[in-house]
Each structure stands twice: as C-alpha cells, then as structure tokens.
Amino acid sequence: MVSLFWQTTGTGDRDLVLLHGWGLNAEVWSYIVPRLATHFRLHLVDLPGYGRSRGYGALTLEEMAEEVASRAPHGALWLGWSLGGLVATTVARRCPHAVAGLVTVASSPRFCADGDWPGIRPEVLEGFARELRQDFTRTVSRFLGLQTLGTASARQDTRWLKSVVLAHPAPAIEVLTGGLALLRTSDVRKALDQLDVPLLRLYGYLDGLVPRKVVPLVDELSTASHSIVFAGAAHAPFISHPVPFCQALCDFSQLES
C-alpha cells in the first residue's frame, strides 16, 4: 500500500507546496520553515518513494506530478528544488488553473548536458547510478558534497544535508536510480514557453549541477519569468543564503497575490 507523506504547518494565509530534490526528503526545508511559517501555510511533501512516502516504485515525471497534485490545495504556490523543480513544473503544465505561481530552485528544464545546452555530463549521472548499487551511503554523500561545493559554509551544509538523508529510512535503490534516470532524460524546455502561471527561478552562482550558463538560455525560453542568481550560493541556496532566499519568496508571493 502506498502512503504519501504530507505535513502542513504555518500561520500564513497563502499555501506553499515545497518539493525536495533527489535522494532527500521534506526535512530539508526545516532550515527555512521558521522564517516562512508566519507568511505561508507550508505543505511539506516527501516525494513518492522518498523519506516517509513508502510503497512506491520508480515513477515517471507525470506519475509523480499526478500523485502530489492530487493532495495539494487549489491555488497554491509551488516550489520545487532540483528534481522537485521538474515535478513542480509538470504540475503547473498539467494543472495551471490550480497553481497560483511556480518557483524553481537550482533546477533546469534539462539537467543533462546536450550539445550547446550546459548541464551535468550524462556519464556522471550514469556513474552515480552504478555506484548506488555498490555503496549507497558513499554515493549519496558524494552527491550531497557536490551540492554545496564552493560555498563558504560547504562543510557545515553538507553535514546538515547528510543528517536529513539519514533521519529516515533510505529510499529503495529502484527509486533512486529512477530519479537519476529522470534527471538524465527529462526535457521540459518546450513546456516552459507554454506555462500559463507566474514563474520565479532561483539559482546559485557556484552551482556545479545547474551551471549559471543555463540562466540566460532559460530566460529566452520563458520570457515572462524572472530569475535571481544568489552570489556565493551553490545548489542549495535556501541553506547557504536563507535570508535573501526567503525574502525572494515573500516578494514573489506579494506580487502574485
């Protein structure tokens, strides 16, 4: 039997659904929940197969989007980090009438490098998938290290991310390799131009997984969207730069209210 973990907290009058990235769970948002809880009703979700959402196998992007959208309040803002950004974008494309606004964080419509499109080399993601079967802890630790690489608080932030992963049972290898496959193969670039919801895109200047070179390319794909690049941040700007990150969210919410 499948069970989707969904926790609601906060005293604000605006619903905000938060979707985490690959290998993690909703505990990753605990770093900024206290800052956001007075502004929003926060909906903290473990993506299917991750954290406390048990009983799922590897899902497609469409299946994952359908699963989380079925539980969400109508008219919410949606925020997706990394892989969660692909899921949130798919929700906004499928159900624009139910989404008041979309925020993607350190996310790309295509994560994998492709010709002139900057991104993660395919062989890197394929290597992670192979290594997962041999040593889960080491592979996830290496991936988390890449997310904070270059920031002033890299060591501290990586330790904190590892504690989030270890706080709950590890996802099944099938789910993790399926998630890596989504990062390797998903391409929602065409969908961006067709989105009928306000879009804010947040990036880290030092991000090694979603390089800043992608920002002007997505600007061209989604001319109505707005992008912010946090100097000194990498793949997890909400951890390394929580104050300006939360301010950007609150400003976006007020503009779209």
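Every residue number used here counts from 1 along the chain in the order it is shown.
Just so it is clear, glycine is given a Cβ too, placed from its N, Cα and C backbone atoms.
The Cβ neighbour count for Ser82 (active site, nucleophile), using a 10 Å radius and every protein chain shown, is 27. What Swiss-Prot lists as active site, nucleophile is Ser82.
Around Asp207 (active site), the C-beta neighbours below 8 angstroms that are at least 6 residues distant in the chain are Ala106, Ala233, Ala234, His235. According to Swiss-Prot, the active site annotation covers Asp207 (among others).
What Swiss-Prot records for His235 (among others) is active site, and it gives sequence analysis as the kind of evidence. His235 (active site): 29 other CB atoms within 10 A of its CB, across all protein chains. In three-state terms derived from DSSP, His235 (active site) belongs to neither a helical nor a strand segment and is classed as coil.
Marked as substrate binding site by Swiss-Prot: Trp22, Ser82, Leu83, Phe143, Leu144, Gly145, Leu146, Gln147, His235. For Trp22 (substrate binding site), the same-chain residues 6+ apart in sequence whose C-beta sits under 8 angstroms from its C-beta are Ser82, Leu83, Phe143, Leu176, Gly179, Leu180, Leu183.
Annotated domain 'AB hydrolase-1' per Swiss-Prot: 16-242, in sequence order. Confidence in the domain 'AB hydrolase-1' (16-242), given as mean pLDDT, stands at 95.
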Lowest local Cβ density (other Cβ within 10 Å) among binding-site residues: Leu144, Leu146: Leu146
Cβ neighbour count within 10 Å of Leu83 (substrate binding site): 25
Residues Trp22, Ser82, Leu83, Phe143, Leu144, Gly145, Leu146, Gln147, His235 binding substrate per the record - widest CA separation, whole Å: 17
